[in-house]
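Here is what TrEMBL records for this protein:
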ACT_SITE  B:E123  active site, proton donor
BINDING   B:C12, B:C93, B:C188  [4Fe-4S] cluster binding site
BINDING   B:H36, B:H71, B:H121, B:S216, B:S217, B:N218, B:S259  dimethylallyl diphosphate binding site
BINDING   B:H36, B:H71, B:H121, B:T160, B:S216, B:S217, B:N218, B:S259  (2E)-4-hydroxy-3-methylbut-2-enyl diphosphate binding site
BINDING   B:H36, B:H71, B:H121, B:S216, B:S217, B:N218, B:S259  isopentenyl diphosphate binding site
Number of protein chains: 2
Amino acid sequence: MLIKKAKSYGFCFGVKRAVEIAESSKNAVTLGPLIHNPLEIERLAKNYNVKFVDSLENIDKNIKRVIVRTHGIPKNNLEKLKEKNVEIIDATCPFVKKPQEIVEEMSRSGYDIVIFGDKNHPEIKGVMSYSVHNRVYVVLSPNELENIRLHEKIAVVAQTTRKIEDYLKITNYLIKNYKEVRVFNTICNATFENQDAVRELSQEADIMIIIGGKNSSNTKQLYNIAKENCESYLVEDESEINKNWFKNKRICGISAGASTPEWLVEKIISKIKEVT
Amino acid sequence: MLIKKAKSYGFCFGVKRAVEIAESSKNAVTLGPLIHNPLEIERLAKNYNVKFVDSLENIDKNIKRVIVRTHGIPKNNLEKLKEKNVEIIDATCPFVKKPQEIVEEMSRSGYDIVIFGDKNHPEIKGVMSYSVHNRVYVVLSPNELENIRLHEKIAVVAQTTRKIEDYLKITNYLIKNYKEVRVFNTICNATFENQDAVRELSQEADIMIIIGGKNSSNTKQLYNIAKENCESYLVEDESEINKNWFKNKRICGISAGASTPEWLVEKIISKIKEVT
């Protein structure tokens, strides 16, 4: 059977950078899981003694170094962290840092802030916390703005993983209704490059194996795209590989979420070769 | 026959203001026609001795006061005017002044400037002249931007009489392709209120009379909308009214361009009543 990897898959720039930071910060802890992949978290704990704590309260006196994870953290948590006697190692993705800085600067300049994203997502909780005033509105669609009377000057940012087409619906509504709309395109293309590659490969393949954490939303999106086109499976590790899946298949496509390390991809490919 | 006026027609705010300025500036000249209506220009000349000169060169020593017309003039013309020993009376529509100011301020702050509009229109010639650098691009559609590589920070304004839907095509293109797009909604709704009212009335009327200068683009737009729905005529004055038009008609609708004075509308209504 022919095994083909998608043209683009796996670690994005921010995740690759965060893992490298963790690898060079032995014995540090991360505040929340560094990335959305349990096996990679386990590897970092085992090989580098980089473990994670759930909350600020669990950072006790024995902890000397704390890594801020890729999604960033709310500003007041960062300040609380600074009050503790620890070294702070910032692994916030630079593409997430950008909207944080924009929100801080624009709110300081008196702009109302509109954020296109999910208010429960850690990235957005971080980004919105950087406003110096409380005129910050987190929305997923223009109709959520209809009952809000904003000031005439508005700055807009987007969650890095959102689609541009959906972002434009928000900005179009604002431009129609207000005098000045300062639009920052903070969307990161990495997610979409992986998605486009899965779409292409799954049209050619007879079966797709998507590798990633089951709590990773970008991995689930890859899986959803793949299964529209062929028989597809989402697996976290090689133990889930079932040889019956591959019977009478000619081409097996492989993709992986933005938090999935390359070593795991290789391990799964070996397993597939072994059983087929 | 029933004569019905459109819900909204005639003078917009900027034209009304310019005419009032001219009426209180006896013996002044305007640089170019004050507004796009020859009969109103004639009335201002006759009643207030406010005439117009075609170009700066024709402003001779006998002229003491010069009125800047509603569309505004290019910055260097204004400067040349200042060098002449005349009082300058600024009748530039405040809605046109706004994009002039924005272009000046944004270009000074280092933004590339995109203007959605017609580069041959006097309003746009004025607006674009306010940039302090030459990275100013006047376009009517997004494909005109495809071969231009702009800097990462862009400010956008629109000609006051353009449609918002067309403006959004430009801003969407820019937001997709650049990091920061500062969108100023400089579109004035007056034109569209007159258009909406003509659309409504022409569906009910058997004949529409549109009153305005034949060189006025907004008047021609009203005429084009009206004739889609019923027999329609564009007239500049009452002498053009032909009684045959009204035979077997029940409802006659009336509208007028943004430069058409109310006295002319009333004169034409009297004429229609006279012949029907």
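Residue numbering: from 1, along the chain as shown.
Placed from the backbone N, Cα and C atoms, the Cβ positions cover glycine too.
TrEMBL labels come from automatic prediction, so no person has curated them.
Report note: the (2E)-4-hydroxy-3-methylbut-2-enyl diphosphate site is defined by B:H36, B:H71, B:H121, B:T160, B:S216, B:S217, B:N218, B:S259, and the residues of the same chain whose CB lies within 8 Å of the CB centroid of those residues, excluding them, are B:I35, B:E123, B:T161, B:A258. The CA atom of B:H71 (dimethylallyl diphosphate binding site) is located 5 Å away from the CA atom of the residue listed as 'active site, proton donor'.
For B:C93 ([4Fe-4S] cluster binding site) paired with B:E123 (active site, proton donor), the C-alpha to C-alpha distance reads 10 Å. B:S217 (dimethylallyl diphosphate binding site) sits 13 Å from B:E123 (active site, proton donor), taking the C-alpha atoms as the reference points. In this structure, the C-alpha atom of B:N218 (dimethylallyl diphosphate binding site) lies 11 angstrom from that of B:C12 ([4Fe-4S] cluster binding site). Listed in sequence order, the residues B:F13, B:G14, B:V15, B:T70, B:F95, B:V96, B:T160, B:A190, B:T191, B:A258 complete the 8 Å Cβ shell around the [4Fe-4S] cluster site centroid, once B:C12, B:C93, B:C188 themselves are left out. Over all protein chains present, the Cβ of the residue listed as 'active site, proton donor' has 23 other Cβ atoms lying within 10 Å. Shown are the binding-site residues B:S216, B:S217, B:N218; of these, the residue with the fewest other Cβ atoms within 10 Å is B:S217.
A C-beta separation below 8 Å, combined with a sequence spacing of at least six in one chain, links B:H36 (dimethylallyl diphosphate binding site) to B:G212, B:G213, B:N215, B:S216, B:S217, B:N218, B:T219, B:G257, B:S259. The secondary structure of B:H121 (dimethylallyl diphosphate binding site), as reduced to three states from DSSP, is coil rather than helix or strand.
In this structure the alpha carbons, written CA, of B:C12 ([4Fe-4S] cluster binding site) and B:T160 ((2E)-4-hydroxy-3-methylbut-2-enyl diphosphate binding site) are 12 Å apart.
Distance between Cα atoms for B:H121 (dimethylallyl diphosphate binding site) and B:T160 ((2E)-4-hydroxy-3-methylbut-2-enyl diphosphate binding site): 11 Å, as a whole number. Shown are the binding-site residues B:H71, B:H121; the one with the most C-beta atoms within 10 angstroms of its own C-beta is B:H71. According to its DSSP assignment, B:S217 (dimethylallyl diphosphate binding site) is helical.
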